[in-house]
Amino acid sequence: MPYHSSTKSRAVSTWLLVVAALVCAMIIIGGTTRLTDSGLSITEWKPISGAIPPLSQQDWQDEFALYQQTTEFQVQNSAMTLDEFEFIFWWEWGHRQLGRLIGLVYFVPFVFFWMRGHLSARLKSRLFGLFLLGGAQGAIGWWMVASGLSDRLDVSQYRLATHLGMAFVILGLSIWFSLEARHGPPPLRRGRLAGVTAGLLGLVFVQIILGAFVAGLDAGRIYNTWPLMNGDLIPEGYLGGMNFFPAIFESHAAVQMHHRWTGYLVALGVFAYAWQVWREPRVSLKPFMVILPALVIGQIALGIAALLAVVPLSLSLAHQAGAILLFIAMVAAAWTARRAV
């Protein structure tokens, strides 16, 4: 049966959507791991044997002893009990275990579809590249964790942003390739709004990365007022005593301010884009005229609520979930715009 058979393309498309759904779950669990300070509870990287959790009391004592050597424990959690350690351990273990599951869910069907001839040459190369990105993501995750096992209390915000950024790249490509598997590659001629949509997708991605810096620095726990930052448009401690270049990534005030203002810029861009889509004669992009503004309004509301409540876990995760939905919608819009000719 040829590649363009609807049965085979639907199967490949559905598989990639399952992978994308698992990546979404991975991002949410990763966010929970970060917000509960669970990320440093496993101090070793064992891709194979690490799949087996502690099975005896002695195993738990051994894992706890390793964690007790970290700066995070010695400075911040020295009163932690074994039961409390088990709580944070399970979050980090679950995060890593889901990563292993995603690897299996991706690799086994990938080999099957390849061997059965269900993939075009174009999709083979792209899906193999996506497989390599998944492997790199595991290494990036450990590289991030390792940054918190020295004299730091938390992992590096730079490495956290890299890890989250790669997760969204993998998510976006999974959805893009799923759409391509179902509908075929986009035409060589791009739609009129293709460039604008791609630019807006890039801006949303930048905003997500800025959110990672806010999370990495716990910058949402200060300036818990809105619309101003403790009464100021530009907070008094913007540079935090640093030069401009490191300050824009390391000053809590600067990082939060940039995340706020880029959010407003995303909203402005989305509403301008919706107006352009409204004027567009072709109907394929019309649903995004409603979907994108609704998601942006909801996301801004969640961000403000989380800030005013000093980033409780529930609102923070809802805000992260909103970012995932907005990103997915933007990927779908970008893909649709390339075909709207």
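Placement of Cβ uses the backbone N, Cα and C atoms for every residue, glycine included.
Taken straight from Swiss-Prot:
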type	residues	note
TRANSMEM	11-31	transmembrane segment
TRANSMEM	101-121	transmembrane segment
TRANSMEM	127-147	transmembrane segment
TRANSMEM	160-180	transmembrane segment
TRANSMEM	194-214	transmembrane segment
BINDING	H259, H319	heme binding site
TRANSMEM	261-278	transmembrane segment
TRANSMEM	288-308	transmembrane segment
TRANSMEM	315-335	transmembrane segment
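Tallying C-beta pairs under 8 angstroms between the transmembrane segment (194-214) and each of 101-121, 127-147, 315-335 places 315-335 first.
In sequence order, G211, Q299, L302, G303, A306 are the residues of the chain that are 6 or more apart from H319 (heme binding site) and have a CB within less than 8 Å of its CB. A Cβ distance under 8 Å defines the sequence-distant neighbours of the transmembrane segment (11-31), meaning residues of its chain 6+ beyond its ends; these are 91, 94-95, 98-99, 101-102, 105-106, 109, 113, 118-119, 123, 163-164, 167-168, 170-171, 174-175, 177-179, 181-182, 215, 316-317, 320-321, 324, 328.
Other Cβ atoms within 10 Å of the Cβ of H259 (heme binding site), summed over all protein chains shown, number 22. The stretch in 101-121, 127-147, 160-180, 288-308, 315-335 that contributes the largest number of Cβ pairs under 8 Å to the transmembrane segment (261-278) is 288-308. Counted over residue pairs 6 or more apart, the CB atoms of the transmembrane segment (315-335) and the transmembrane segment (127-147) come under 8 Å in fewer than three pairs, which marks the two as apart.
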